[in-house]
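For reference, the structure is listed below as structure tokens.
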Amino acid sequence: MWGLKVVLLLPVMSSALYPEEILDTQWELWKKTYRKQYNSKVDEISRRLIWEKNLKHISIHNLEASLGVHTYELAMNHLGDMTSEEVVQKMTGLKVPPSHSRSNDTLYIPDWEGRTPDSIDYRKKGYVTPVKNQGQCGSCWAFSSVGALEGQLKKKTGKLLNLSPQNLVDCVSENDGCGGGYMTNAFQYVQKNRGIDSEDAYPYVGQDENCMYNPTGKAAKCRGYREIPEGNEKALKRAVARVGPVSVAIDASLTSFQFYSKGVYYDENCNSDNLNHAVLAVGYGIQKGKKHWIIKNSWGENWGNKGYILMARNKNNACGIANLASFPKM
């Protein structure tokens, strides 16, 4: 995989500077690596044009990064033949209820006494299950919710267990399954349902099915949820430090996010008012002087840095990361 990334990141400023035979070779290698097949030659040609445009974007960005313009690098991945608009349409899924408003009953009020650690990584504490892949189903909200529940289950019982996002996709009537949803609706469902099944009991299929919840497969409960004060990164930091992994919403609509590879992600075009994707904050820290959040995505391990991204922290609520943050009570 690393060999592929090196090959695909050869500088290319324009197609004219990139011999067609090299592009042909890289295209075939990319298709083989990610097992890409197309329905027709016309479809493949259109997908290759998108891939070439993305490859050029990646190469130019990385040249700029080498000159100090950016704090992060990009790399070609399995989303290479998709536009950023297609990624948002098919692989995000945050849908905030029109009537959503924070209640004093569910507002997280931080305990400001005492210091929080300068960094924390719940992966190292055993609170985080392996990275999953939601596929082309708008179920990011389910994976984000499940991740937060898994962290609290570990904290309460000492056991790390994969919970079922499919259970939420199929059964949370307030959400729209693969058509999108919201995390607090998922937490409320688990509370009212008195449980959520394990992944083993209710496997993920990546499409809407009838609700098949079975109490015999129940692996966790929920007593409610708390929401972080809107846009307050200090409160979010304290929640992550004191509570555990937190469900967050971000703008994932940019090509720079689609092909993120390493470094601290900050794109001034990221719109904090355009929240479209739910992910999981599993920690925070500082890398090369840059404060960041450690974010677990649900696009598989081929995306980002083995499925994760470091997102800028305390940079004016970049990408809206603290606007719709919440966690379950267990």
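Here the Cβ of each residue, glycine as well, is placed from N, Cα and C on the backbone.
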Of the residues ASN104, ASN162, the one that Swiss-Prot lists under N-linked glycosylation site: ASN104
I want to verify the bond table. Which candidate from CYS171, CYS178, CYS222 sits on the other end of the disulfide that Swiss-Prot records for CYS211? CYS171
Pick from CYS178, CYS222: the cysteine that Swiss-Prot pairs with CYS137 in a disulfide bond. CYS178
So, in Swiss-Prot, which cysteine from CYS140, CYS319 is disulfide-paired with CYS270? CYS319
Can you check which residue among the disulfide-bonded residues CYS137, CYS171, CYS211, CYS270, CYS319 has the largest number of Cβ atoms within 10 Å of its own? CYS319
List the same-chain residues at least 6 positions away in sequence whose Cβ sits under 8 Å from the Cβ of CYS140 (active site), in sequence order, or say none. MET91, THR92, GLY93, LEU94, GLN134, HIS277, ALA278, VAL279, SER298
Just the number: how many Å between the Cα atoms of CYS211 (disulfide bond) and ASN104 (N-linked glycosylation site)? 32
Could you state the CA-to-CA distance between ASN297 (active site) and CYS178 (disulfide bond) to the nearest Å? 16
